[in-house]
Structures are given as C-alpha cells and as structure tokens.
C-alpha cells in the first residue's frame, strides 16, 4: 500500500476523486511521511491502545496510526473522502465516522476502555477549532489519557508559556503539556500561511468541572476585575475573595491556579 503522505500519492488522490481542500474545514494535507511518522512516535501508542483522531482528511495520519494502534476511530465531517477511505483505509481495525466531533457525546467512547489498555487522541487539528476540541476532550471525556495534536506554532508556543486562560489552567491542573517539535508550512498541500507544531498533553487526573466553571466565569471579560466577572455567576463573591485573601481589583490573569482552586472550593463547599 502506498503511503498517503507523499506529494505524488496526495496529488493522485485529489485528481482521482476530484477533490480540493476546503478552507472552511481548514484542510491542509501532509506530504512528508517522515513528519507523519514523527507525530505518531511522539505519542505512546501501541497495539494495546485505541486512538481517536479528529479531521483525518485524506487519511495520511490515519494510515500510519493504524500500523501502531490496536484500533483507530477517526471523525471526519467531509463526506467527500469516503472513496479514499475505501481504497486506502480498508482495514478491520479502522473506523471512520462521518460526524462533527464537536457535537458528539464523548461518553460513547467509554466502552473502548473495556477492550484497550489506553485511549489516546492523535490528530492534525483544524486550526479554527483547536481550542474547542481540546477543551471538549479534557472536560467531557474521562477515558482519554493523552492528547497529541498539531496546532499553529503560535498557539503551541502560547500554551507552553506562562499564558493564562481557562484551557491552560485546566491542563496545568490535570497533567502536563509539552512542545514536541515544529512542522514547516512547506510539508503541506496547500501550504498554510504559518508553521505548525506538535503538542503533547499527558492527563493524570480527571477534570474538575467546578474549577472549569469558575475559570470561564473569571475570564469572561479580561479587562474587568475578578470581582466584576464572578459576581454575575456567584453569590457572596466579595466575602469569598476576602476569605481567600484575593484582592477584588485583580484581573483574571493575575491569579494563580491555586487561587482559582481555593475559590472553587469556597464557591462549591456545600457540594465538596
């Protein structure tokens, strides 16, 4: 079987199936098999693992994942690729689901944990929904142990710096994030306007959904004070801030993860 992730095979597929990359889906197809192999090897995948993939496109990453994993389930919104999958990904341990990943119920994946040692997510994410997908996986899926994704390089650098957001705080609370390597814009058809990077998120603890609610409330409007943001969603905000020795005039980015965990404990102490 030919490697999909080459310029010649990609062009063959696009021509044979009369395909073109759709901007609205953020489609850029990898044409360097070494990069695809490096992405897969950045994960901990083996034959005892199930892999979830989002946005497989013409299947370059899917094809290589299937060589290492016990099972691959890919979610693709673009049904034009059906013929490509039938030709190149026609294996019993590969399932392609034509659906919008952001709309699916991730609890339906929990049965995979009964059969496989670990469930991980490996994907070349559509850039315009990167944050939404990572947040969905972290907060809605209890069985995923690892996330290895390609994102814009600028986003990867931001997430691995001291940048503060609900997502970066959740990652910090649940495990760790690593910048694995840079991917040149020149290894895609069509070439995007920016370089990409591979991020690896190792998940050690389940999401604290109450913390997630507090973070989203606190970051609702960054220019407002922590008090003005929180008062719209919680009662006795001033008392809780004083109780935790947090200045009401601070802005969301001036607080630490420990501050937010303390606030969460205070706001939800009746349920803890």
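Cβ atoms are placed via backbone N, Cα and C, with glycine included.
Listed by TrEMBL as binding S-adenosyl-L-methionine are 28, 30, 55, 76, 124; the candidate from 100, 162, 173, 204 that the record includes in that site is 100. Here the binding residues for S-adenosyl-L-methionine are 28, 30, 55, 76, 100, 124. Their largest Cα to Cα distance works out to 21 Å.
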